[in-house]
Amino acid sequence: MNNQQARDLWNKYLAGDCTTEEIAQVESWYNQEFKDLEEAPMPDYTQTRNEILAKIRKKQSILIKNKQRILWQRIAVVASVLFVFSAGLFYYLEHKDPLKNETIAYAQDVLPGSNKAVLTLANGKRISLTDVSDGELAKQTGISIAKTADGQLVYKVLDQGHSTTGISTYNTVETPRGGQHQIILQDGSKVWLNASSSIKFPVSFDHTDKRVVVLSGQAYFEVARNKAKAFIVKTNRQSVEVLGTHFDVNAYADEPTVKTTLLEGAVSVSAITRNQKNASRRILKPNQQSVLSGEELSVVPVETSDVVAWKDGTFMFNNEELESIMKKVSRWYNVEIKYSTEGIRKNTYWGTISRSVKVSELLRMLEMTGDVHFRIEGKQITAMP
């Protein structure tokens, strides 16, 4: 197997698309390296670790330059935790090695986020979607609002003959830090709302000429196609218009840019100037991302799997700066991030890990690069060289 074939197999494995035979082949690589490690005498810890990492990198033709650190992953079948082969091996060694200076300073661990959100009805009533039981939560203008067994919030027309009163009423769903939620709108469009985000939308689109929702934070949309009614996502800085497509909008207030990523179909992205008039406008094709900086829009090619990995329960970093990574960590684990020195904010990393692991597991993976370390104290994480 040549290097390209090995990389292709890795990508299939990480995406869960391998055949039984291919899974066995990938996991045999790991098992062989782990066996070599088990048989190595403890005094040769450093040498063994370096030799194994060298072999793994050779297989993948990985070259590390400057501050770019590579974090390969493996899937632990039982734990369903994604790790790189090297990170998985090093994690084992961290527990096996008695050297205290190799141990991460954790006063306590932090659990990952989960399905948490608050629904605000048109009359102002607030419903915690975390606490309520499954089933119908409310009825509004001929629409049933229900929570399903798998935690989705679903809007359905009760009676097609008189589904609405003709007056648009709006609901809002908000996720806290450490929360996420999925919503199925009345038209069948699906929304995945990331942590620390909110979306405001009409209970029904029947009496509107356009399907307009207002977003703060990040959401992934699978829009039901309707040629007669465009679907528009508004943020405080831009407007995205589609007829039916799959796309992601990242519009967190603490981010310097607003990013819109298209997976399929086509979208029109328009910046909004200070006087609320549309300024620059771009049409996106699949695998493209618009970046709004100030009032200027640019378009760049993008690996969409990296952008929407959060929706599928994964952190995926592709040459991403530590500061950007830790913002995601802060939102998902509801923690405060501090830096002992400013220089490490721009360190870049590559890697993948499940969003269901405790925060210590993610930090350990980053620490394998050797250029960053972490300390957890309550709800505060400090990053150090």
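In case you wondered, yes, glycine gets a Cβ from its N, Cα and C as well.
Per TrEMBL, the features are as follows:
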- 172-267: domain 'FecR protein' (DOMAIN)
- 315-382: domain 'Protein FecR C-terminal' (DOMAIN)
- 75-93: transmembrane segment (TRANSMEM)
PLDDT averaged over the residues of the domain 'Protein FecR C-terminal' (315-382): 93
Residue distribution over DSSP helix, strand and coil in the domain 'FecR protein' (172-267): 0 helix, 56 strand, 40 coil
